[in-house]
Structure formats: structure tokens, C-alpha cells
Amino acid sequence: MGLLVDGKWQDKWYDTKATGGEFKRSEASFRNWITADGRPGPSGEGGFAAESGRYHLYVSYACPWAHRTLIFRAIKRLEPHITVSVVHPDMLDKGWTFSTDFAGATGDALFGYDHLHEVYTRDTPDMTGRVTVPVLWDKAQGRIVSNESAEIIRMFNSAFDSITGDRQDFWPAARRAAIEPVNARIYDTVNNGVYKAGFATSQAAYDKAVVPLFESLDWLEDHLAENRFLMGEALTEADWRLFTTLIRFDPVYHLHFKCNRKRIVDYPNLWAYTRALYQWPGVRGTVHFDHIVRHYHYSHASINPHRIIPINPVLDYDAPHGRG
Ligand SMILES: N[C@@H](CCC(=O)N[C@@H](CS)C(=O)NCC(=O)O)C(=O)O
């Protein structure tokens, strides 16, 4: 784990000393948008028109943020139009790598690089910042479009609709105002909450993260008793953003990140909801438990110094969910 400083790779772990033991996630650095006609999106520059075969996605199957983009690529029928490279699950001193000695790790299909940081410096030779997945690459201009998953899923939601003919809308204009506060709470206390609990290096920082995490899971459990999805009958991006954390919770976060008041299987509604989303057409194939379990336990030496991969519960995500 490390970062780029003036285009050079430096092996450094997150510095939690300056923040009283709290893990602070940095902002993504590339924020352009693919749009149907190449006009600029809400941030960044224009010139990224939706075209079949033009864009490439770099992902880790382990990463919940990258997983969102893979889900949208699958459910919006973008698989024939956007190519993918999958990094190796081990993120060690050189960061994400393109080693292929793990089933499903593809290597770098575009440049044959060994490390993901080389993709970042191909765009910005003197880049300073973190090297994260997902990365959306424009083959036509030879540059990064975006490395912010929340925005990549919104591009995938609509920019390619006239190419794919798929008009499903997971971010409908009429519901955006209702989706935003739900996303914000889930991001802060659940998606990022598990990381804040797991990477905390003080008791106070851990407590500050883990208590709101379980308050939010209790709230979601109640909400899902009355509602099929977070926004009622409509399946939206808010559900997919929550799902990638729920699917990792029992195999990883419960033990590795010390989020162990309860497991998802202990919440009847959340557990059935997780299975319903897992069984949604196209989604199962985006879930790779081998990468998920290996990545966290093997990569975070500060949490699991002997890199022992735990046996883990056997969970049946294919069991009938009874939620419509
Ligand atoms: N804001 C980014 C966060 C992505 C992110 O933090 N990805 C993690 C993997 S789960 C990563 O690549 N971390 C490497 C690092 O921080 O050095 C997004 O949602 O796209």
C-alpha cells in the first residue's frame, strides 16, 4: 500500500497519527464524465462521448467501490461495450498489481503494465496521490476519465442508453432528492463506516465508527421490513451502493474490521435483501468471494500480520429470499 509523489511510487500506509487514529479517505482525483454526446458532465472536462469499445475499466473484484461499477456494467448491458482488466487481490508494497497468479486476475489488457500506478502516471507523469480502483480509461484520448465510482455508476446508468437500448434508470430524476440523504448516511456509516472501524488505530476512533454503523444497520433492518428496496418498490443506485458492503460483511468486515456486534445473517430483512440483490439477473457473476476474502486478510498486514486466511462461515446466498 502506498501512493504516488511527483510521479514516483512511495510505500506508505495511511497516516492516522495526524487524525487521532481516524481513517480519512481522500477525494478521487479524476472527475470527468462520459456523456451521450461528449458534452461536459457535472464536473471535469467534456470530450468523453459514449462509444462502444472506447472505454476500459480497471477494477479489483475485492473492492466494494469497483464492484459498484461492475454491477452497473452488467445490469445496464454494457459488458460488450466496456472492456475490463482485473488486478490481483493482493495489494502490497507496490499497490495494486497486474500479476496473474490468482484465478480471475487478468493482467493489464491495454499496456501490459505490472502495476496500476503506471496507468495513473501514463495519464499524469508527475502525479501525486493515491492509486485506487476503479479507474475508467479512455482508449481514444489515452487518459483517465474518472476514478470515482459514485460518478462512474451514474455515467453507466444513462450515457450509453442509445447504444445498448437499455433504458432502466437507477437514478431517476424524480427520486434524486430522496436518494441523496440515504446515500449520504449509508456512505458515511456503512460503506465507509466499516473501513473507519477497521482501520482505526485508537479505541475512540473505532467506537466513533462502529456505533453509528450498527445504528444504521438497525435502521435499515426496520426500513426493509416495510420496503422492498431502499426507495420502496423502485430499485435504485442506493441499493447497489449498499449491496457491495453487505455482501462483504459476513465474510470479511465482521471479523477483519471488528464489525462484530451482529452479522448480516442475524438481520432477517437485511439478509433476505442481500440475497435478493445477489440473485438479481447479472449480479451473481460480479461477486468473487475468493478475491474478497484473500484481498483484505492478505493485504492489511497492520490488521492481520500473519496473513492467515480465516475459514469463514458457509453462507447460502442462493437460498430463496421471499422478497418479490
Ligand atoms: N472514491 C473512490 C475510492 C476507491 C478506493 O478507495 N478503492 C480502494 C480499494 S477498495 C483502493 O484502491 N485503495 C488503494 C489506496 O487507497 O491506496 C471510489 O469510490 O471510486
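Placed from the backbone N, Cα and C atoms, the Cβ positions cover glycine too.
TrEMBL: automatically predicted annotations, no manual curation.
These figures come from a predicted structure and were not determined experimentally.
According to TrEMBL, the features are:
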type     : residues                                              : note
ACT_SITE : Cys63                                                 : active site, nucleophile
BINDING  : Trp96, Arg130, Val131, Thr132, Val133, Glu148, Ser149 : glutathione binding site
DOMAIN   : 172-296                                               : domain 'GST C-terminal'
ACT_SITE : Tyr195                                                : active site, proton donor/acceptor
SITE     : Tyr253                                                : site 'Lowers pKa of active site Cys'
SITE     : Tyr296                                                : site 'Lowers pKa of active site Cys'
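Checking the recorded positions Thr132, Glu148, Tyr253 against ligand 1, the ones whose Cβ sits under 6 Å from it are Thr132, Glu148.
Largest Cα-to-Cα span within the glutathione-binding set Trp96, Arg130, Val131, Thr132, Val133, Glu148, Ser149: 17 Å. Spatially, by CA atoms, the recorded positions Cys63, Tyr195, Tyr253, Tyr296 include one closest to Glu148 (glutathione binding site), and that is Cys63.
Using a 10 Å Cα-Cα cut-off around Tyr195 (active site, proton donor/acceptor), the recorded positions Cys63, Trp96, Arg130, Val131, Tyr253, Tyr296 reduce to Tyr253.
Measuring Cα to Cα from Tyr296 (site 'Lowers pKa of active site Cys'), the recorded positions that fall within 10 Å are Tyr253, out of Trp96, Arg130, Thr132, Val133, Tyr253. When the recorded positions Arg130, Glu148, Ser149, Tyr296 are compared by the number of other C-beta atoms lying within 10 angstroms of their own C-beta, Arg130 comes out lowest. Calculated from their C-alpha atoms, the gap between Val133 (glutathione binding site) and the residue listed as 'active site, nucleophile' amounts to 7 Å. Rounded to a whole number, the distance between the Cα atoms of Cys63 (active site, nucleophile) and Trp96 (glutathione binding site) is 11 Å.
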